[in-house]
Amino acid sequence: MGVARREAHRAAAATFLYAVMVLGVLAGGAGVRAFEDGTAVYIVTMKQSPVFHRRLNLEKFGNSRVTKAAGGGGGGGGGGEAGDTPSTSVLRKPRHGSPKSMNYGSYLIRLQNLLLKRTLRGEHYIKLYSYRYLVNGFAVVITPQQADRLSRRKEVANVMLDYSVRTATTHTPEFLELPQGAWVQEGGPQFAGQGVVVGLIDTGIDPTHPSFADDLSTDSYPVPVHYSGICEVTNDFPSGSCNRKLVGARHFAASAITRGVFNASQDLASPSDSDGHGTHTASIAAGNHGVPVVVAGHPFGNASGMAPRAHIAVYKALYKSFGGFAADVVAAIDQAAEDNVDIISLSITPNRRPPGLATFFNPIDMALLAAVKAGIFVVQAAGNTGPSPKSMSSYSPWIFTVGASAHDRVYNNYVILGNNLTIQGVGLAPGTDGDCMYTLIAAPHALKNNTSASPTELSFGECQDSSRLDADLIKGKILVCSYSIRFVLGLSSVKQALDTAHNVSAAGVIFYLDPFVLGFQLNPTPMRMPGLIIPSSDDSKVFLTYYNDSLVRDETSGQIVSFGGVAKILGGLNPIYGNSAPKVMFYSARGPDPEDNSLLNADILKPNLIAPGSSIWGAWSSLGLDSAEFAGESFAMLSGTSMAAPHVAGLAALIKQKFPSFSPAAVASALSTTTTLSDRQGKPIMAQRTYSNPDSTQSPATAFDMGTGFVNATAALDPGIIFDCSYNDFFSFLCGINGSSPVVTNYTGNSCAASTMTGADLNLPSITIAVLNQTRTITRTVTNVAADESYTVSYSAPYGTVVSVMPTQFVLPSRQKQLVTFVVNATMNSSTASFGNVGFYGDKGHRAIIPFSVITKVAYSS
């Protein structure tokens, strides 16, 4: 309790200071005036080292009180290269800052303020944030002319315009075989992930949800000593909201408030989640084990996060009304790193591809590079812009990018028509009573006084208003409603249609899909009465044809005399488990990874892998408005790469628990090399190729659809060998981009030496060559994190290439490294990507498979 009170006092002070800043922004309508005057939010970085970099330098030369963490732990953890700092090797990251580093942070803020004062003396500007831990810089509202003057100051490294970003379970633990696999290795769900802090940058959290309670266990469950964050206290997020499970919570909205887009009544200037998305993703990653899921009065089992005993820290930087802005997200990343989270999960993507020299050079990706340097594993959603190629929204090799797959549980219900035709639907709903058939009646045919609706009165066909419907005519029948684009836009809702059906005493409700609703993932929707949504436009046409052909009309007037169509609804409350999963969902963003705005391909595989993202149960905020169908419920079923990313964040927590010394790259390697490449039937994983009728356009998934494959949580806890990669490697890669030297210096504060490193040269658990127009020699170094083992290397060369590998066999002692060399040539000219793989097979059962991709091939004579 004493710790909680101290954190509450600190939070209150932080909240007061933030409120003062916000009032300053809003005073006199400054938030609106700023943009009327042509001003905008700019992110400014300075050349002087931030707190973390200075701490590393002090540690490197033995002048810091920071204790170097020892290597090893949990049965593995190969060492880094000689001279590596702990943050850039497989060693544990430094945990605690010294008083000197805190004083240095204050000093940086004073320098920032002095720079602004001297450069913009007597002029109007609004400083929104001071970045100091990962990034030395600030966000400020200024004119383009002021930005230009700042950019010419010798202290300033980079000035960039702010930009917008957007948001991109009860069964998935079983589908991932956690109860009998990974959780067993950690001692069961009551220990899985304990001591690891997962930081989520999202829309906040509902602290009252049982998925985040800490009173579900009687054993010791302390807040990890390395975590130093606070729990912000506001009217919407009162004292006591945080606990041993939810260990920290803050919000960041200064850029949004300054722009005048922040709706205080809806978006909430607090960590509280008025959207629902953040609560959902947090529970997927680390929600409590065994929380009952009851929706619309129906039980759907018990929920659990992937790492049910991990701790959660929330950094709210996205909002219901508008999404978010990079300045706020960078502030959240910087704070999460200063608070010493172990993992950062971002179910967010930029609204546009970053301009400039390369996609990697943007404030969010570069802040995340600094987080990786600090030893934090970073997970990001791939984006929901698939299935077209190069639709990736997460670009950089230091970020672990996750695509979305289906899992094997589906909720289907069916309508059986009077002509014995059966049509599949979606709906978490009971069936109609008994085996009898019920008359069908469409809402526009059931208006009072037998009137007809105007073509502009769409709400009648969508069953949004019961006041104009003839309840006597509808009573005991199945009401037929249109599911139009207005449902997608939130202008109409299934919940309102169900209220209408209830008010007119309908026996059930059926929604047919408007033909204009294409490419939208229809999740099973909770219904307290018999009902379903027909998710296929083709099936909807069949249904409407039967209904219309069954109408009996007066030959003279054309008026409907009787309704001849009948049907019964079979309930969809019980799940069906199939064997065709996993498969890549149509909306999941695809590679190749775009290197720049001209869509040149990078030598980097994206996505890294796929994880469950379709129809995922997760906790739902009591204030959640993001999905109207789940308003007022405590759980919701959502789909997207936003749901896939926290699955991997939670699984990474299990790896960090077992291997606390693993670097971010080591965690990424353990996840990547142990994936599954086939579905439950042993067939190749398939990928949906179109928005419309996606299951009819499936074909085998390539590495640009699924990365290395489908995540295998249990195998990832025993990878055998890893491919490690340091911050220095990523730095050299950036320096190897033609013309990048000044940009790299501006972002990192370090000067580039001559570098020819490409993405293919990074020690990643994959090989991707965008253009093969000469002999390429690629090397990979593997580190043994298990016992001594002998390995055999086998490979399948991408079509149109010839590959040689040395060595093909080696003995690798524990904690030692082995260099493997690949020589690649093209045998044909082709601009079509081709794929192969490389397998490392140990004689003690370990295996590591990495994909080998070549996009453009140009044959030549040597």
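Every residue, even glycine, has its Cβ placed from backbone N, Cα and C.
For reference, TrEMBL has these:
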ACT_SITE  ASP202  active site, charge relay system
ACT_SITE  HIS277  active site, charge relay system
ACT_SITE  SER642  active site, charge relay system
COMPBIAS  70-82  compositional bias 'Gly residues'
DOMAIN    41-167  domain 'Inhibitor I9'
DOMAIN    193-680  domain 'Peptidase S8/S53'
DOMAIN    761-854  domain 'Subtilisin-like protease fibronectin type-III'
REGION    69-99  region 'Disordered'
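All protein chains shown were included, and the count of other CB atoms within 10 Å of the CB of HIS277 (active site, charge relay system) stands at 29. Counting every protein chain shown, the number of other Cβ atoms lying within 10 Å of the Cβ of SER642 (active site, charge relay system) is 30. Helix, strand and coil counts from DSSP across the domain 'Subtilisin-like protease fibronectin type-III' (761-854) read 1 helix, 61 strand, 32 coil. Other C-beta atoms found within 10 angstroms of the C-beta of ASP202 (active site, charge relay system) number 29, with every protein chain shown included.
You'll find the Cα of HIS277 (active site, charge relay system) roughly 7 Å from the Cα of ASP202 (active site, charge relay system).
For the pair ASP202 (active site, charge relay system) and SER642 (active site, charge relay system), the C-alpha distance works out to 10 angstrom.
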